[in-house]
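TrEMBL annotations:
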type	residues	note
ACT_SITE	E362	active site, proton donor
ACT_SITE	H393	active site
ACT_SITE	K517	active site
Amino acid sequence: MSEMNTDSRARLNQTPEWAALGKHREQLGDTHLRDLFAADKERGSRYTLRVGDLYLDYSKHLVTDETLTLLRELAAATDVAGLRDAMFRGERINTTENRAVLHTALRAPRDAVIEVDGENVVPGVHAVLDKMAAFSERVRSGTWTGHTGKPIKNIVNIGIGGSDLGPAMAYEALRSFTRRDLTFRFVSNVDGADLHEAVHDLDPAETLFIVASKTFTTIETVTNATSARTWLLTGLDAGQEAVAKHFVALSTNAGKVQDFGIDTANMFEFWDWVGGRYSFDSAIGLSLMIAIGPDRFREMLDGFHLVDEHFRTAPPEQNAPLLLGLLGIWYGAFFDAQSHAVLPYSHYLSKFTAYLQQLDMESNGKSVDRDGNPVDWQTGPVVWGTPGTNGQHAYYQLIHQGTKVIPADFIGFARPVDGFQPGLVAQHDLLMANFFAQTQALAFGKTPEEVGAEGVAEELVPHKTFQGNHPTTTLLAGELTPSVLGQLIALYEHKVFVQGAVWNIDSFDQWGVELGKVLAKKIEPVLTEGTGGDQLDGSTATLAATYRELRGR
Ligand code: F6P
């Protein structure tokens, strides 16, 4: 039974705070960002926050001081702070799975005390981090050798969802900090092409597989890990005894790890109070730790912790995750925004938005509240985006001149990472000039008068007009370091938390992924053996029959 009392909460859209926001939205009408900036010369500096190394500019949002006050009143009425404190205390706020939600404990300092059911979990967290550090150093130094005595040169992480996206994203993000003489690959898809492409050019004698799975029952991961084991043993022409030197596991499920044949001495543990999509700073980050080293990994955890502390203690007016969460709620509820773009101006963050898709959409893609009642307000948005400037030449047209409201986050850095040749360092100003130009154009647009004044033919004026008034957040930092990456991720984790708290949904379960898994198990024998098609619906049965025919069965 949950320690949280959710029954007494008023329906979100029945609260006076919601009604006040609705009225305020009407009054705001089509007020333009041009008007808001004209009315307040300080807006560009006043509507900013600093959190750790992050500079956050929210001046280009369709909000006034009154909007922000009303949004904070909504957060107070829905007791966001109460749920936040319950999370940090280790209460079982994931009510449908009856679990605590304590990813914040993964980055707590060694001397912190965080209890779950009366037990301080911090020593266990640090014991695993120490074990990971010792193992990483052995691989990095070449003293961990494979079955034939060769040092490990290739590290292949096999996992999916939260057991893949985090390490894969962070490896790309921190590539300039990685050991360039080691090869890292990430395999997730049950499509055999993924594993094939990851290993076809590797020497099994120099390859370590990290099997990452919280449950160790995920079909994609277990299937790929089994195929990887076959590839390894065939390539080495060895028996089961070779597995111990080439396979380690990251999991909460020691029994299943053992069943697979991995020595539990080579298992790095985490706990049921770590959700999959919040797990990358747990043992799930082992591949990243090998890549960047334990010290850099610790710097990243400290970056997470810095933002955890900010979220826990900063007053509402200066609380960045609270602000970002509330802005998203504002657009979803009162501007009918259906999606949210995350547009990093850093090629190193090429997988960042994909990572956020799971974080946000698996957390807040819900349509019943904590008590199981259908919600009649917007919940999580569709999160999408790719790095600039590439997106500018693909889909920005729709953001600029389409019919949809798409709030967007622009993320950029003042300095490129160390090691670029001088010409590439110089390119960085051009990258960032594009960044600032885009947020400027989105906010202020170009009026028909301005277009006309350029001598544009009258019939083309509507086509060349930019309506502007598209809201954006700007996130800037000096450089993309491990700490800054940790800060960014924690910022988004807590933003997602705020939204789930206001919407009164359980952001920590994911029942919506289950049905497909169950059905796939039923359909597989129909495809393989051709039996049981009569149990399927008409469309799926026909598709299965067509598939078999095309496969020549
Ligand atoms: O199917 C969804 C999911 O459960 C995610 O929440 C999770 O990150 C992913 O699958 C992988 O799960 P596991 O780490 O248990 O293999």
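Placed from the backbone N, Cα and C atoms, the Cβ positions cover glycine too.
Remember, TrEMBL labels are computer predictions, not curated facts.
This view paints the features noted in TrEMBL onto the structure.
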residue	record	Cβ contacts under 8 Å, 6 or more apart
E362	active site, proton donor	G161, R277, Q510, G512, V513
H393	active site	none
K517	active site	I219
Per DSSP, three-state class assigned to H393 (active site): helix
